[in-house]
Each structure stands twice: as C-alpha cells, then as structure tokens.
Amino acid sequence: MRESVSGLPREFWWLWTSTLVNRLGGFVATFMALYLTLERGYSATFAGLVAALHGLGSVVSSLGAGVMADRLGRRPTMLIAQLSTAVSIAVLGFMTHPIAIAAVAFVVGMASNASRPAVQAMMADIVRPEDRVRAFALNYWAINLGFAFSAMGAGFIAEYSYRAGFIGEAVMTLICAIVVFMKLPESKPVRVYDASGAAAEPEPGLGAVLRDGRFMGVVGLSFLLALIFQQGYVALPVAMGADGFSSADFGIAIGVNGLLIVALQIPVTRYIEHRDPQRLLIISALLAGYGFGLTAFAGSLGVYALTVCVWTLAEIVNSPTQMSLVVRLSPTHGRGRYQGMYTLSWALAALTAPLMAGHVIDQYGAEWLWAGCALVGTIAALGYWLLMRGLPTSDVYMATAAAPEAGPADGSPTAAEAEGMLAPAATSAPAATPASVTPAAPAADV
C-alpha cells in the first residue's frame with residue numbers, strides 16, 4: 001500500500017482530497033428519480049426528462065470548461081464550477097414547479113461537470129509521467145470510495161428529508177471549493193516565448209483537437225465503452241426487474257461494483273501501471289463487452305453479481321490506462337481542451353445510453369441488448385488494436401520522458417516535455433506514425 005501512495009506531490013493529495021469530499025456529498029445523481037417520483041409525485045417520464053436535461057448540461061459544459069481550464073487556468077475553473085454547483089444544487093432542493101426543476105437540473109448538470117477537465121488537466125500538470133497511471137487510479141478509487149459512502153448515507157438522509165440531502169451536497173461541494181482555494185496553487189504550465197515574442201508551443205484550439213485523428217479515435221472508443229458501462233445503471237435494473245428481482249437485489253448486485261473497485265483498484269494498478277497499454281485497453285474492452293454479454297445467461301442473483309465482477313474488472317483496468325493515454329496524446333498547453341473533449345464522450349454516452357437501451361429492450365428484448373454490448377466491446381477492442389499500433393509501450397515512453405517541461409507559475413512539479421513525442425498527429429499523418437512534438441494548431445481557434 002505504501003508503494004502505491006508514495007512519491008506523489010503534496011498538491012496531488014489535496015486534489016485527491018477535494019475529489020473525495022465532492023463524492024462524499026453525492027446525493028442528487030443517486031436519488032433524483034426517487035425524489036421526483038416519490039416525494040414530488042411526478043411521473044417516471046418527467047423524471048427521465050430531468051435526467052436527460054441534467055446529462056445535456058454535462059454535454060454542453062464539457063468543451064467550454066476545457067477551454068476555460070486552458071485560458072483562465074485550472075484553479076479558477078474549478079472554483080467557478082464548484083461554487084456554481086453548490087448554489088444550483090441548493091436552489092434545486094427548493095424548486096417545486098416542473099419547469100423550474102427541469103431548468104435548474106440543466107444548470108446543475110453544466111456546473112457539476114465543468115470541473116472535470118480542469119481537475120484532470122491539473123493532475124497531468126503536477127504528476128510525473130511515470131506516476132500518472134497510479135495517480136489517475138487513486139483518483140478513480142477516491143471517486144468510488146466517496147460514492148459508496150455517500151450512497152449509503154444519502155439513503156438514510158432521504159428517509160428524513162430529501163431537501164436535507166440537497167443542502168448537504170451543496171455544503172460538501174462548498175467545502176471542496178474551500179480546499180481548492182486554500183491548498184491548491186495554479187498548475188497551468190508557463191508559456192515559453194522565443195526572441196520574436198511568439199509562443200514556442202502554440203495553444204491548440206478546438207479545431208486542432210477535432211483534426212487530431214488519433215486522439216478523436218480515443219474519444220470515439222471511449223464513447224463506445226461508456227455506452228457499455230452505462231448499461232449497469234440503465235438496462236441492468238430493468239432486466240433484473242423483468243426477471244422478478246427486487247430493488248434490493250439490484251442494490252446487492254450493483255454494490256459488488258463499488259466494493260471491487262475499492263478493494264482491487266490499488267493492487268491491480270500496481271500490477272498494470274508499467275505494462276503495455278495497448279494490451280490493457282484491448283483486454284478491458286473485451287471484458288466490458290462480454291461481461292455485459294454474459295448477463296443474457298443470468299437467472300439468479302449470484303450469476304448477475306458474477307457478471308458485474310467481470311465488467312468491473314474491465315472498469316478497473318480501463319479507467320487509469322485510458323486517462324493516462326489521453327494525457328500522453330495532449331499537448332502541454334491544450335490539456336484542458338483535450339480533457340474537455342474526452343469528458344464529452346462520457347457525457348454523450350450518459351445522455352444517449354438510456355434512450356438506446358430502452359428502444360432495444362422494448363423492440364427486441366434484453367437479450368439483444370446484451371449481445372449488442374458484446375459486439376460493441378469487440379469493435380472497441382479492434383479499434384484499440386488499430387489505434388495503438390505505432391505508439392511506444394509505457395516502458396519505452398517512460399524511458400524517454402526525461403526533459404522537463406516549462407513549470408507552472410508557482411513552481412510546483414509538472415510533467416516531462418518529452419511526452420510531446422506523443423502529441424497529436426497532423427491530419428495527414430497515418431495512424432501508425434508517431435506524432436510530431438509541436439501541434440500544428442493555430443492559436444486563434446477557440
């Protein structure tokens with residue numbers, strides 16, 4: 001355990017703490033549907049609409065927050081997002097009119113998702129390249145640890161007062177903002193200028209991100225996997241209910257996911273952090289697809305829990321590996337935009353997965369949905385194999401990451417400039433060719 005947490009900078013642990021505090025306060029996402037249907041008496045259709053608007057807000061904020069993280073800085077973006085989240089969640093708890101609830105839920109979705117690109121960019125700034133897989137795994141562990149406790153606590157709070165849950169989440173988010181304000185300095189790398197006053201590395205705009213074929217390939221594959229993982233919260237409860245299982249049974253099955261992540265994320269990461277990322281991403285895609293595919297054969301609670309174990313292992317392997325790949329493909333001064341685009345893939349999946357799953361189940365049956373998950377997982381695995389050809393393995397990459405990049409204004413440790421060897425490729429470059437150091441994006445893009 002000591003080896004897993006040693007060697008990371010102090011700033012990382014404050015960032016980790018803010019993530020844990022934020023997730024400990026999680027209430028709205030978990031109990032919004034129950035609040036609207038049981039407490040307020042609205043229909044399931046309206047609850048679904050509110051959930052969709054919340055997801056749409058996340059989609060809208062992903063790219064804008066990434067631009068803010070690069071332009072304003074990581075710290076201001078996080079503070080604006082967290083303060084906005086605290087206020088909007090508190091307001092949502094007092095809304096009673098359906099239009100007001102829907103509108104504020106959209107704002108909550110925007111605000112709550114806006115800090116993610118900045119958090120991920122700051123983590124890339126302050127952690128050494130060779131420690132990033134471990135750092136992202138620890139952050140993911142904090143997310144799930146916080147969620148596990150918040151879900152249990154929120155259930156008891158909801159028995160007393162749903163409004164208290166909204167206020168509690170607002171307070172915890174405010175505490176998170178205070179931690180960022182008091183303990184986290186700005187980490188945005190200082191720009192280096194040549195004698196003529198031009199920036200040594202242009203700041204890539206969103207146009208450059210979209211033209212980066214290899215990175216957009218990662219975004220597309222991330223979207224496919226996110227569609228699969230979303231089924232654990234969208235289609236799995238529906239399928240278990242159709243088989244005669246209760247909500248408590250579903251809670252036990254899905255609870256295995258959180259327990260395994262908390263128990264295995266750190267030891268598994270120690271085992272995989274210096275292994276070939278191509279192989280890890282392929283394996284995780286297959287485990288995700290076929291883990292959900294096996295659900296078609298589940299007839300007992302134990303078998304359902306076993307399928308959850310399979311795709312949870314995929315989640316444990318995929319999350320830190322893919323996050324590290326995203327950072328490796330991102331130019332130093334464009335990390336916010338790149339992280340925003342990556343975040344967008346998950347936000348879009350959260351928005352579209354319920355609609356797609358509902359249509360497939362209603363028209364063709366759950367068995368076809370699970371078969372589709374296996375097919376999508378296979379396609380994603382093939383995509384990772386094609387995409388990662390020509391990229392050096394983790395060990396080769398770590399050996400070359402020796403030249404320091406321009407440090408942040410406060411002097412806190414940052415990543416190595418040598419990761420530029422994996423910066424986005426020009427549009428005309430073949431997918432298997434390593435990219436050039438400097439992205440060819442004009443600074444004038446948004």
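Any Cβ shown, glycine's included, is placed from N, Cα and C.
Taken as a whole, the domain 'Major facilitator superfamily (MFS) profile' (11-389) shows an average pLDDT of 88 in this prediction. If you look up TrEMBL, you'll see 11-389 marked as domain 'Major facilitator superfamily (MFS) profile'.
Annotation comment: TrEMBL describes 408-446 as region 'Disordered'.
Taken from TrEMBL, the feature transmembrane segment applies to 12-36 (among others).
Beyond its flanks by at least six residues, the transmembrane segment (42-65) meets 29, 32-33, 36, 77, 81, 98, 101-102, 105-118, 206, 336-337, 340-341, 343-344, 347-348, 350-351, 354-355 of its own chain at Cβ-Cβ distances under 8 Å. Sequence annotations record features per position, and here TrEMBL assigns transmembrane segment to 42-65 (among others).
Residues 16, 19-27, 30-31, 34-35, 164-165, 168, 258-259, 261-262, 265-266, 319-320, 323 of the same chain lie 6+ residues outside the transmembrane segment (140-158) yet bring a C-beta within less than 8 angstroms of a C-beta in it. Annotation comment: TrEMBL describes 140-158 (among others) as transmembrane segment.
Distant neighbours of the transmembrane segment (164-182): 14, 17-18, 21-22, 24-28, 31, 35, 75, 78-79, 82-83, 85-87, 89-90, 92-94, 154, 157-158; these residues of the same chain sit at least 6 beyond its ends, with a Cβ under 8 Å from one of its Cβ atoms. Residues annotated as transmembrane segment in TrEMBL: 164-182 (among others).
Outside the transmembrane segment (215-236) by six or more residues, the chain places 209, 250, 253-254, 257, 281, 284-285, 288-289, 292, 295, 304, 308, 311, 315, 318, 322, 325-326, 329-330, 338, 341-342, 344-346, 348-350, 352-354, 356-358, 361, 366, 369, 373, 376-377, 379-380, 383-384, 387, 424, 431 with a CB less than 8 A from a CB of the stretch. According to TrEMBL, the transmembrane segment annotation covers 215-236 (among others).
Long-range neighbours of the transmembrane segment (248-268) within the same chain, counting only residues 6 or more positions beyond its ends whose Cβ lies under 8 Å from a Cβ of the stretch, are 1, 4, 137-138, 140-141, 144-145, 147-148, 151, 232-233, 236-237, 240-241, 301, 304-305, 308-309, 312-313, 315-317. Residues annotated as transmembrane segment in TrEMBL: 248-268 (among others).
Per TrEMBL, transmembrane segment is recorded for 280-298 (among others). Taking Cβ pairs closer than 8 Å, the transmembrane segment (280-298) reaches residues 221, 225, 228-229, 231-232, 236, 239, 243, 272, 304, 306-315, 317-318, 321-322, 325, 366-367, 370-371, 373-378, 380-381, 383-385, 388 in its own chain, all 6 or more past its ends.
Away from its own ends, the transmembrane segment (341-361) comes close to residues 48, 51-52, 55-56, 58-59, 62-63, 65-66, 113, 116-117, 120, 206, 209-210, 215-216, 218-220, 222-223, 226-227, 229-231, 234-235, 238-239, 326, 368-369, 372 of its chain (Cβ-Cβ under 8 Å, at least six residues beyond either end). The transmembrane segment annotation in TrEMBL covers 341-361 (among others).
Annotation comment: TrEMBL describes 367-387 (among others) as transmembrane segment.
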